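Inspection log for the structure reproduced underneath, given as C-alpha cells.
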Amino acid sequence: MKIAPSVLTADFTNLKNEIDSISDADLIHIDIMDGNFVPNISFGPAITKQISKVSNKNLDVHLMVLDPLNWIDEFSLENVEYITVHFESNNFLEALTKIRKNGKKVGLTIKPETSVSLISKYLKDVDLVLIMSVKPGFGGQKFIPESLNKVKELVDLREKNNYKYVIEIDGGINGETAPLVKKAGVDIAVVGSYLFNKKERNKEMEKLRWKSLFFQI
Ligand SMILES: O=C(CO)[C@@H](O)[C@H](O)COP(=O)(O)O
Ligand SMILES: [Co+2]
C-alpha cells in the first residue's frame with residue numbers, strides 16, 4: 001500500500017522543511033477546497049506551485065470545488081500525476097475528459113453518503129477511485145468504518161470487469177485504520193493529521209506500511 005501524505009495539516013510557515021520531512025512519501029496529496037463545495041478554504045494553485053517546486057514527488061490533487069472545470073488547467077502542473085474530482089461537483093464528466101486531455105491521470109471520488117453504484121458506469125474510464133472515509137472539508141476527523149465495504153465493492157468490480165483503476169482512501173487513517181484499509185484492498189492511503197502530528201514522518205510511514213503488511217499475513 002502506498003502512502004500519500006496530505007499537507008493540509010502541515011506547518012505552512014515552514015513548508016520546505018515540512019516537505020523534506022516526508023521525503024519517503026509515494027505521492028503528495030494536495031487538498032483544494034473552495035469554501036463552496038465544502039465549508040472550508042484551503043489553498044490554491046499558487047501554493048501548489050510552491051509545493052511542486054520544493055518537492056521531487058508526484059502530486060495527487062484532490063479538488064473539493066463546486067466547478068472543477070474552471071480549475072483543471074491551473075492544476076495541470078508538470079509533476080501532477082493525478083487530478084481527482086468529486087462525482088457530486090458540477091459537470092464532473094466534462095472535468096474527467098479535460099483531465100485526460102491535459103495528459104494527467106483521471107481520478108473520481110465520492111462523499112461518504114454517495115454509493116459506489118452511482119459511479120459504476122464511469123469506472124472503466126478512470127485511473128483512480130478515491131473513497132472519502134470522512135466528510136470532505138477538514139483534516140483530523142474520525143474514520144467512517146462503512147468505507148471499507150465500498151473499497152471491497154471496488155475491488156470486486158475491478159476484478160470482475162478487468163478495470164484498471166487504483167483504489168485510494170482519504171480521511172482518518174492512522175496506526176489502527178491503516179491495516180484495515182490495506183486488508184480491504186486499498187492501493188493508496190492518504191494520511192494527514194496522524195503523520196504531521198508526529199516528528200519522524202518517514203519512520204512513521206514505514207511503520208504504517210509494516211503494520212499493513214503484518215495484518216495481511
Ligand atoms: O480531503 C481531505 C479532507 O477533506 C483529506 O485529504 C484530509 O486532509 C485527510 O486528513 P486526515 O483525516 O488524515 O487528518
Ligand atoms: Co483529500
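Each residue, glycine too, has its Cβ placed from N, Cα and C.
Keep in mind that this is a model prediction, so the values were computed, not measured.
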Original post:
Taking Asp156, Asp170 as the options, which does TrEMBL list with His29, Asp31, His62 at the divalent metal cation site?
Top reply: Asp170
**OP:** Look at the substrate binding annotation in TrEMBL, where His62, Gly137, Phe138, Gly139, Gly140, Asp170, Gly171, Gly172, Gly192, Ser193 are given, and name the residue from Ser6, Ser21 listed for that site too.
**Re:** Ser6
**OP:** Around ligand 2, within a Cβ distance of under 6 Å, which of the binding-site residues Asp31, Asp170, Ser193 show up?
**Re:** Asp31, Asp170
Original post:
Looking at the binding-site residues His29, Asp31, His62, which has the shortest Cα distance to Gly137 (substrate binding site)?
Top reply: Asp31
**OP:** Select the closest residue to His29 (divalent metal cation binding site) from the following binding-site residues, measuring between CA atoms: Ser6, Gly139, Asp170, Gly172, Ser193.
**Re:** Ser6
